[in-house]
Amino acid sequence: MNNQCKTIAHVLRVNNGQELHVWETPPKENVPFKNNTILIASGFARRMDHFAGLAEYLSENGFHVFRYDSLHHVGLSSGSIDEFTMTTGKNSLCTVYHWLQTKGTQNIGLIAASLSARVAYEVISDLELSFLITAVGVVNLRDTLEKALGFDYLSLPIDELPNDLDFEGHKLGSEVFVRDCFEHHWDTLDSTLDKVANTSVPLIAFTANNDDWVKQEEVYDMLAHIRTGHCKLYSLLGSSHDLGENLVVLRNFYQSVTKAAIAMDGGSLEIDVDFIEPDFEQLTIATVNERRLKAEIESRTPEMA
């Protein structure tokens, strides 16, 4: 087995010299190439290397895959997470999407998890996507934040907010994040419904039956508001909001999303399709190689140390 790292690193210069890091995983040789290129938007507090396994599954099945780390987030891109806002997440996604277009990439399918799914719903009618796949996607940001943080901080006046919000062990700058939520209408379920109602982009949403942060009935509600009806919901049985909580859950996530991508690449919402599964050694090699690549990039960038 070839142990060489296949991941290709790119750096986009944005916002007066800030760096937005993008990784590319070409499709495997000797498999039929798919019609669409896949762009993966990682969930909150997840780096793009956390999705090495999913990229490997998709690549094994003929997809060209790109991932990125948002600005002001965990990972390789510029900025610190205490300045992260939902609008920053949106701008990062759109920057990578438009960069792919300038490279001549015409058919782009987006896969977005957790908080990044809310960003995807925001832009679904603005970007010319072939399809959208979301996993444990946030539809009611205020409710999810209350579940995750243990308190509805968005109910407080700005001057009564704590300095930071501890979200999955990371310190969000409370004032900048909350102001952005209200100023750009990220916070409510209704704001999500308004954004998706008129989309013509085919959508598959995966919920997790043990997810305490996202209500499945609200995801149903969102899909019911899509006027074309070109959407479908599937459940990841046995999973919580943490798709990497154990290897069984993680494998089910990889398999399900890969099958959804194959189906949607062929114009279908039915994910009962054949697919190629990479072996465990292959996944391990890809993961180790990407950790080395990440460490090498960080060692060349003093501010990341």
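Any Cβ shown, glycine's included, is placed from N, Cα and C.
Copied over from Swiss-Prot, here are the features:
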type     : residues : note
ACT_SITE : S114     : active site, charge relay system
ACT_SITE : D211     : active site, charge relay system
ACT_SITE : H241     : active site, charge relay system
Sorted by position, what residues of the same chain at least six away from D211 (active site, charge relay system) have a C-beta under 8 A from it?
-> V136, S239, S240, H241
Excluding its own, the Cβ atoms lying within 10 Å of the Cβ of H241 (active site, charge relay system) add up to 21
Just how many other Cβ atoms lie inside 10 Å of the Cβ on S114 (active site, charge relay system)?
-> 25
